[in-house]
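Notes for the one structure printed next.
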Amino acid sequence: MERTYIMIKPDGVQRGLIGEIIMRFERKGYKLIAMKLTAPGKAHMETHYEDLSGKKFFPGLIEYMTSGPVCAMVWEGANVVKEGRKMLGATMPSESACGTIRGDFCIEVGRNVCHGSDSVDSAEKEIALWFPEGVCAWDSCEGKWVYE
Ligand code: RTP
């Protein structure tokens, strides 16, 4: 089964959106296999976003992402990387469709509530970065009610 790294950013945590976001992934049928509330600091966040280090908005992004705790999660399921990004919505809230998390809960790109891995490769790297202790693989009794 595919895995993705989903993170509720500091604004999402402060605004009380953890439950809402978890609910959407659970209702879809995905399985939560790791979760923690953590505030890891600048170096860790710079590593997470290292692909964007040359961007003008990078310092502001790191300041925002280290301004409070984040909720780090790993979700498992068929096509969860691509489907998870769809559920989050476009990066720019002005372009995110209604019904997506960003489309429903945010206005500005610099406060866009959540992160989701953009490929299976990135997911693997991000899961290793955020959960070096490993994830909790558990048997779910509802698998046969979600998959044929
Ligand atoms: P994320 O990594 O957070 O899931 O976002 P993403 O893949 O949809 O978008 P990406 O291009 O990787 O950008 C990462 C985060 O940087 C902030 N951003 N600010 N001011 C700007 O123009 C700008 N562009 C991007 C957003 O918080 C974005 O999610």
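Each Cβ is built from the backbone N, Cα and C atoms, and glycine gets one as well.
Curation does not apply to TrEMBL; its annotations are automatic.
Keep in mind that this is a model prediction, so the values were computed, not measured.
These come from TrEMBL:
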type: ACT_SITE; residues: His115; note: active site, pros-phosphohistidine intermediate
type: BINDING; residues: Lys9, Phe57, Arg85, Thr91, Arg102, Asn112; note: ATP binding site
type: DOMAIN; residues: 1-137; note: domain 'Nucleoside diphosphate kinase-like'
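Asn112 are the binding-site residues among Lys9, Arg102, Asn112 whose C-beta comes within less than 6 Å of an atom of ligand 1, given in sequence order. Taking CA atoms as the reference points, Lys9 (ATP binding site) and His115 (active site, pros-phosphohistidine intermediate) are 7 Å apart. Taking the binding-site residues Thr91, Asn112 in turn, the residue surrounded by the fewest other Cβ atoms inside 10 Å of its Cβ turns out to be Thr91. Phe57 (ATP binding site) sits 16 Å from His115 (active site, pros-phosphohistidine intermediate), taking the Cα positions as reference.
With a 10 A radius on its CB, Lys9 (ATP binding site) counts 23 other CB atoms from all the protein chains. Looking at Arg85 (ATP binding site) and the residue listed as 'active site, pros-phosphohistidine intermediate', their Cα atoms lie 8 Å from each other.
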